[in-house]
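The next block holds one structure in the form of structure tokens; read it before the comments.
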Amino acid sequence: MEQKETTTVSVPQDLAAPAVVIAVDGPSGSGKSSVSRAVAARLGLAYLDTGAMYRAATVWCTRRGTDLSDVAAVAADVASMPLEMGVDPEGPGVVLDGQDVAEEIRTTAVSATVSKVATNLEVRAELKRRQREAIDAERTGGFSGGRGVLAEGRDITTVVAPDADVRILLTASEEARLRRRALDVHGAADASAVEATRDQVLRRDRDDSTVSQFEVAADGVVTVDSSDLDLEQTVDAVLAVVAKVTGTRTAPAPSS
Ligand SMILES: Nc1ncnc2c1ncn2[C@@H]1O[C@H](COP(=O)(O)OP(=O)(O)OP(=O)(O)O)[C@@H](O)[C@H]1O
Ligand SMILES: Nc1ccn([C@H]2C[C@H](O)[C@@H](COP(=O)(O)O)O2)c(=O)n1
């Protein structure tokens, strides 16, 4: 009797698994960007920095000479903003009208004015639409090849992706956040450097929290407090939450 040849194809668990979506929110200086980039890189996920989109919108409106308090004019500018967001966690580019603005969006001038744009409800609706589109692209392909995406900001766990597989609120004490930002901006964390950072951290959070809820975890959102952790410990704490919720779906990405 003729023997039939059979071939067994083994598919690695992490490739066979459905895409994972991780949402991270938190106040300024809590470590969202640094921690999220590291976590996304470790898991082979795309990384979406939604704060960078609000910052790019601020640069766009400012370049066009638009008064940032003119709600309708700002909304019209943002509706036609030619923005391409890179989602590689090792180097997420921000390209505005064909020009790399990754550095420009981090200037003190942008940090000082971005809340005017971020509290514009029409702008929020437009950027939410673009953010959902970017997340959906990663569910089936995109940069991650369908592994998934980590998106971070202020309203990702509650508004943009309330259906995310993992939802985390990353917090840190006011003191820790001021110290971190002072070190970033002034290279020191003495009293005067901390004082000079208050506007960028506390006033901005106060303004931003009028339109988003990122100070207290919503139902089903896990809080990770990084006040007494260093960066690597915080990355590990977030990875532990992700592993607990998703199990083998988020095995580390194969190293290249
Ligand atoms: N757990 C930590 N311990 C010490 N420093 C940290 C920790 N997490 C982040 N940092 C540092 O704090 C600074 C601010 O972090 P990061 O920019 O990631 O915060 P953020 O929450 O994204 O802030 P923002 O919303 O204002 O952009 C960075 O220099 C980062 O390296
Ligand atoms: N989902 C988001 C992301 C950001 N913002 C606002 C809050 C900040 O003032 C600004 C820049 O964010 P950062 O780069 O500092 O994280 O954008 C928001 O309202 N919603």
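Using N, Cα and C of the backbone, Cβ positions are placed for all residues, glycine too.
Record features, source TrEMBL:
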- 22-242: domain 'Cytidylate kinase' (DOMAIN)
- G26, P27, S28, G29, S30, G31, K32, S33, S34: ATP binding site (BINDING)
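In sequence order, V35, L170, A172, R177 are the same-chain residues whose CB sits within 8 A of the CB centroid of G26, P27, S28, G29, S30, G31, K32, S33, S34, the residues recorded for ATP being left out.
Sequence-distant neighbours of G26 (ATP binding site): residues of the same chain at least 6 apart with a C-beta under 8 Å from its C-beta are K32, E152, R154, L169, L170, T171, A172, F214. Comparing local CB density within 10 A for the binding-site residues S28, S30, S34, the maximum falls on S30. Around the Cβ of K32 (ATP binding site), the number of neighbouring Cβ atoms within 10 Å comes to 25.
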